[in-house]
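Features of the protein shown, as given by TrEMBL:
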BINDING   Trp142, Glu152, Asp172, Lys174, 235-246  substrate binding site
ACT_SITE  His244  active site, nucleophile
Amino acid sequence: MSEAISIEKIRLLQNFQFEKVLKEDTKNKIITLYGYIENKVALVLLEKTAFDLHCINLQEIPKYIQETRLVQNNDVFHWYLNTFLQSNDLPSLKTTLIWPAAENHIRKYSAQKRRMVQETPEIYLRIVKPFIETQRGPQIQWVKNILNHIAEAERIVLEDSDKVNGFLVLPDLKWDRQTMSALNLMAIVHRNDLASIRDLTLEHLPLLENVRSRVLNDVPKKFPVHKNQLKLFVHYPPSYFHLHVHIMHVDHETGEGSSVGRAILLDDVIERLQSCKLGFAEKTLTYGIGEQHFLFNDLTNATE
């Protein structure tokens, strides 16, 4: 990225005009802000960064802890509030800007309650599939940009260019690329006819087996992890409708993203296809859905 483009994008963030808080996640220490840039809706996600042990001399940790204030003490326990030394090597925040933000972005990042629904094959064909077809255009242009090396090409860590069974792997932007226990990668398939696991049949076994084999073999060559420290899974429903596989460190606490009712291990997907040639087309899938999702009312009404 050129310096001119970098300066331009930084100025965008500096021009953000705050209006309201969309969501506050105290567990993951993320806050989502709603506002405007140049009269267009913008979302800003502020996230506390993890400690980067590569940049901290643990032998001198007291030097990093500043402005200490005692909160309470009881027997052997002492609680403090501190300011931690900040520098370019130790940033305290990771910021994500979504601009211009569309309605689906606002819904996704808003605080919301969730309900469990059962998506039968009939409900999928009648309600969900028509919705998916509306999400396969501009909503996934950023995915096409990655696959065509128009954007983020420098971040690709692994690629099989085969158009049928190929894919590429790049770090998820949620990962700082330093904390190995939080390793978070994403494998995106090259073929564009697969929106979700609902489209998978026995025909697609070679693709999934290739993803599993190459990831488990090659990712440990790129990062200091063992293959048995990697968990590979898909989401249903996914956050975007172009088939992709999440690759995470087994110790990574991912909250909702890998919870029951959303994450399905890639091994289980492969086993399903091996035992049932129609895959997930005839399977009822139970999952949680947020009240801000476009299909929330239709699905909750259909399954009550």
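Here the Cβ of each residue, glycine as well, is placed from N, Cα and C on the backbone.
Unlike curated entries, TrEMBL annotations are predicted automatically.
The CA atom of Trp142 (substrate binding site) is located 13 Å away from the CA atom of His244 (active site, nucleophile). Within the set of binding-site residues (Trp142, His235, Pro237, Ser239, Val245), the lowest number of other Cβ atoms found within 10 Å of a Cβ is recorded at Ser239. Listed in sequence order, the residues of the same chain lying 6 or more apart from Leu243 (substrate binding site) and placing their CB within less than 8 Å of its CB are Ile188, Val189, Arg191, Leu194, Ala195, Ser196, Ile197, Asp199, Leu200, Val234. Taking the Cα atom of each, Pro237 (substrate binding site) and His244 (active site, nucleophile) are about 12 angstrom apart. For the pair His244 (active site, nucleophile) and Asp172 (substrate binding site), the C-alpha distance works out to 12 angstrom.
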